[in-house]
């Protein structure tokens, strides 16, 4: 199916806007329609009296300032939990100008948790409620894009990370920390202690009441780059991306693999409005540039029939959102605006882009690895059998110079059927390299043996020819011109029976040549 949903949320008027004398110009008419009124038009202008001062926008769902966090979550994100568990990809991202409530919607507060916290809670609850014959593995990573640089929020000491694209075209972040979690209260100890073994940064004061996964989320939020501006006292200076990967293994039904992206975008801003200078102005320029690239992608995808090329490489944000925007993902975009008349231009631009994004359609595919449980069981039995055989034989892993190739191949096949058994690719590559070196040594030895055998066979032929000439009274064969080619010309030498040792030499040479060809292959 092709799935894309666009929602709009109007935040309440702020105290600063009310103090400036701003009035509300954005209104929610019903569950889908939002009306924006132009405050600059003069009602006494006779020439433009027939023009409407209001413009209506229709979305999949619209929220006014009275909507609660729970209402927004149920209407936009709750259904995606089952989608991800079933093996599909999904993306939720908040879009809009600075100070319009994007971070509040995605992260929330302790009393009003946002989409990220609610989604993780419901995800682990669904896993706990599942049947006993289903195995789950959940991992998550958390990063930010700050000034076109990618930082790991769970381990900031890693520095600047790079984007990589695998053979299937999926964009990955190389070297990012992944938290493996069994449930909301248990996470990988390696991640909690960090890669270098140093204790992780202390949790927030109220973390004792939160599960450990939520503590990691709160810890990552504390690492985000936030600075006050004239437009927003807690302005996010970076785009935050939380990725949750769910692997579900059901006996007899294969492996389901789903990914969920939850993205809190930094808001677009005008220097005149934010009154930024120096580093804050540079940050705003990077934010606007990446959001411009995102807007260009949305524009191109909305006219995909007439656009042959979508430039996702203009920024790291669009590269990371490539699948989310026009690829294999259920995508939900929650646009945010301010109802204040002083933010009319920003609100109109956001509404135009969000309305245009409605026409984007993403083709969703089921991420299913079809491997039967019997195949995995057979591979496990094969590994156990090879372990039992190799325990008393040289060459078994850890006992000889060369590792047992069939044992390693069985482990690799089992890993392909069930990835959670561990990383054995490096072991397979090392074993193959050792086997190749061993084959090269054997090949060189066989080539030397074949040369010696051919030399002995030539000497035997020369001896036979000399004996025949001696019997006919023509003298010994001792001239330098009597070469192998001269000796082999004529049919009379072929009529003589070969001595037994020469016949054995012929057979040995044929066997050596066959072995040489097999080793070359």
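Using the three backbone atoms N, Cα and C, a Cβ is placed for every residue, glycine included.
The local packing around residue 99 (ATP binding site), expressed as other Cβ atoms within 10 Å of its Cβ over all shown chains, amounts to 26. What TrEMBL lists as ATP binding site is 96, 97, 98, 99, 100, 101, 102, 103.
Positions annotated as compositional bias 'Acidic residues' by TrEMBL: 473-495.
According to TrEMBL, the feature domain 'Kinesin motor' maps to 3-360.
According to TrEMBL, the feature region 'Disordered' maps to 463-499.
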PLDDT averaged over the residues of the domain 'Kinesin motor' (3-360): 82
Residue 103 (ATP binding site): tally of other CB atoms within 10 A of its CB: 24
